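Per Swiss-Prot, the features are as follows:
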type: SIGNAL; residues: 1-19; note: signal peptide
type: BINDING; residues: 20, 193; note: Cu(2+) binding site
type: DISULFID; residues: 78-196; note: disulfide bond
type: CARBOHYD; residues: 86; note: N-linked glycosylation site
type: CARBOHYD; residues: 141; note: N-linked glycosylation site
type: CARBOHYD; residues: 156; note: N-linked glycosylation site
type: BINDING; residues: 182, 191; note: O2 binding site
type: CARBOHYD; residues: 235; note: N-linked glycosylation site
């Protein structure tokens, strides 16, 4: 784990910490499971035991983001210096996964969920080799001009994604992401907040769709990344690969 990258004054982090959130837990098959908690970083530094969760370790201690100029780096996969979780939650194909954010302040931007089949243990898979399939996406409601992030905020900072019923059983990583677009009018102004959770999928599905590497999801000049969100929109191209619905 690249812990040394976070050894800077905590006081400098306070404004950002108060502003953004992260996925602190999920509900799958109706069961709540805690995810990675920022406080665990301090436990690691202080050599204090902390709970093992299906949420991946990551080093965004300031609750910061991955900027467009980092889209080709491994940080876009599961956030900054992410490291595999050692345990997994479970969900049935056709069921739902509820992603619970600690908080969220920005009501402009899409919400997306991807899955990647580990092809074995998700605790040891190389994140750079994962191929991702987008199973959920939501942009803006053109009738109300309410963005998906606004809907998430109104729903107690929670988002629910349905697992395609035809998805083959296996060991998966779910990648849930908000793209904050309040700064999208300027180059490198979008903010990506990806978080990963190990979830085993059960069921009788047989579909194993081909995925793509996370480092190829987005470009800094994509029309859904660099544009003016402060006008009435009648169209919006959600960033990333095509949605797979099963």
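For all residues, glycine too, the Cβ spot is worked out from N, Cα and C.
For the pair residue 156 (N-linked glycosylation site) and residue 191 (O2 binding site), the C-alpha distance works out to 21 angstrom.
Within the set of disulfide-bonded residues (78, 196), the lowest number of other Cβ atoms found within 10 Å of a Cβ is recorded at 78. Checked against residue 193 (Cu(2+) binding site), the recorded positions 78, 86, 141, 182 differ in C-alpha distance, with 78 being the nearest. The Cβ of residue 235 (N-linked glycosylation site) lies under 8 Å from the Cβ of 142, each on the same chain and at least six residues away in sequence.
Of all the recorded positions listed here (141, 156, 191), the one with the fewest other CB atoms within 10 A of its own CB is 156. Note: the Cα of residue 141 (N-linked glycosylation site) and the Cα of residue 182 (O2 binding site) are spaced 17 Å from each other.
The DSSP secondary structure for residue 235 (N-linked glycosylation site) is coil. Secondary structure at residue 78 (disulfide bond), as computed by DSSP, is helix.
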